[in-house]
Amino acid sequence: MACLGLRRYKAQLQLPSRTWPFVALLTLLFIPVFSEAIQVTQPSVVLASSHGVASFPCEYSPSHNTDEVRVTVLRQTNDQMTEVCATTFTEKNTVGFLDYPFCSGTFNESRVNLTIQGLRAVDTGLYLCKVELMYPPPYFVGMGNGTQIYVIDPEPCPDSDFLLWILVAVSLGLFFYSFLVSAVSLSKMLKKRSPLTTGVYVKMPPTEPECEKQFQPYFIPIN
């Protein structure tokens, strides 16, 4: 019995010695989550184009060699955060938002250039960029201070069909006006020529020249 108790005591002593490397490894993996973070910078103000397109860079530092990055764009409304678009990518040049067709971007080292399309005036607000370095460990996360995006709706353009009808109406009006002016001018010209000719050709006999007067010579007799 004494030997059995001694063996159990030795096993209990050896169990912590075998598990402590795993505990240390997990500690090293999860300590950076709470102790280290990345700094994310983004412009403070961006004005969207007349087509509702806004682009802004999202840069994080310090730079870490990572194979998998997750970028999330959040919109802050009062005290609430709404996810606009998010993606996880591993390529070095393109950032694909498969579930968000109105978002696109490019990646270059530690800089992500984001583009949001289809914005309207009601979408004006503060947009925050969140960056997560997923793989390889350790895990890093950071969020920017936000970019205020201003969107101005363009003035509504007139209907193209309406403009086409206006152009056709003006063209027809000018055509009939020129036709009327030409008809009036031709009528006046014909009225001026009517007293001079009846418009019927009549063959006239040739006129004979007036005969010269013949004088009888007057002789004066001389005795």
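Note that Cβ sites are derived from N, Cα and C of the backbone, with glycine treated the same way.
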Under Swiss-Prot, the annotation region 'Homodimerization' belongs to which of these stretches: 6-11, 54-59, 96-101, 150-155?
150-155
Kindly point out the range from 36-40, 46-50, 186-190, 201-205 that Swiss-Prot annotates with region 'Homodimerization'.
46-50
Of the ranges 122-127, 134-139, 140-145, the one Swiss-Prot annotates as region 'Important for interaction with CD80 and CD86' is 134-139
Please compute the mean pLDDT of the model over the topological domain 'Extracellular' (36-161).
87
